[in-house]
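The structure appears right after this line, and notes come after that.
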Amino acid sequence: MANEHAIGFMDSGVGGLTVVKQALKQLPRETVYFIGDQARLPYGPRPAEQVRTFSFQMADFLMAKQIKMLVIACNTATAAALPALRQQLSIPVIGVIAPGSRAALKASHRNRIGVIATEGTIRSNAYRDAILTKDPTATVVSQACPKFVPLVESNEYQSTVAKRVVAETLKQLKKQDVDTLVLGCTHYPLLRPLIQNVMGPGVTLIDSGAETVNDVSAVLDYLDIANDRSTKRYPDEYYTTGAADQFEAIARNWLGQPDFHAQHIDLGSEAND
């Protein structure tokens, strides 16, 4: 395997760019190939089997580009497809749930941990199981936040509407007295200032995607597949199954890249199922 090959990142939409942003900062010599399945989001309400199917379609697309590692930059897809992808693919596959769970336990002082995520991730109990396996004494309070992803995907995440929706959604969770809150969806860091404002300064927010890049770095070193050139060999590539201009508008702002460009692609035929 050529060390100069890209790392593949995949998500249901633009949320995975929160992971990419950290990767660009932490691993500047690594080439990024990213695909966001905006045509079929949100993944949260979908059955796990369907999410697995979509995940394999994205993985196949990236594998055809000879990536050296796959990062499932989506909590719902990690919960539904990580074991199957690891079994089927010949390259390292990294999800976002285990790194986020470890970071939450490390940050929590009173072992009262909140998890906010999509319906699919909450339904899977993936975070609860990961946290309690490591520390059975922990208390885990989970809440699905189905309105958050649409706010981000419609580029409304800094709006007054977003502020109101976040406050209303987290009203009950705030009463649960958690000291640490896992942002269990890679879209949610774009709402981080609003979430922090509602939960208060005493609650530590855990960005599971950002924590995942630490795992990516460790695996690159362990397997000796990090790019050892002084610069990237190949340019980064970004793909969306949705509208490229909408994807670009969010990405340019979030990544701070005014010349950011994305390409539209089609995957499968189940966009409206």
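Cβ coordinates are placed from backbone N, Cα and C, and glycine is handled just like the others.
What Swiss-Prot says about this one:
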- C74: active site, proton donor/acceptor (ACT_SITE)
- C185: active site, proton donor/acceptor (ACT_SITE)
- D11, S12, Y43, G44, N75, T76, T186, H187: substrate binding site (BINDING)
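Feature annotations (Swiss-Prot) mapped to structure.
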{"residue": "D11", "record": "substrate binding site", "contacts (Cβ under 8 Å, 6+ apart)": "L17, V19, F34, I35, G36, D37, A73, C74, A77, T186"}
{"residue": "S12", "record": "substrate binding site", "contacts (Cβ under 8 Å, 6+ apart)": "G36, D37, Q38, R40, L41, P42, Y43, F54, C74, T76, A77, V149"}
{"residue": "G44", "record": "substrate binding site", "contacts (Cβ under 8 Å, 6+ apart)": "T76, A117, T118, E119, G120, T121, A144, P146, V149, C185"}
{"residue": "N75", "record": "substrate binding site", "contacts (Cβ under 8 Å, 6+ apart)": "V96, I97, G100, A117, T118, T121, A126, G184, C185, T186, S208"}
{"residue": "H187", "record": "substrate binding site", "contacts (Cβ under 8 Å, 6+ apart)": "G13, V14, G15, T18, F148, V149, V152, E153"}
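Note: the substrate site is recorded as D11, S12, Y43, G44, N75, T76, T186, H187; in the same chain, G13, G15, G16, L41, P42, C74, A77, T118, T121, V149, C185 also have Cβ atoms within 8 Å of that site's Cβ centroid. Of all residue pairs in D11, S12, Y43, G44, N75, T76, T186, H187, the annotated binders of substrate, the farthest apart have Cα atoms separated by 12 Å. C74 (active site, proton donor/acceptor): 36 other CB atoms within 10 A of its CB, across all protein chains.
For T76 (substrate binding site), the number of other Cβ atoms no farther than 10 Å from its own Cβ, over all displayed protein chains, is 35. Under the three-state DSSP scheme, N75 (substrate binding site) falls in the helix class.
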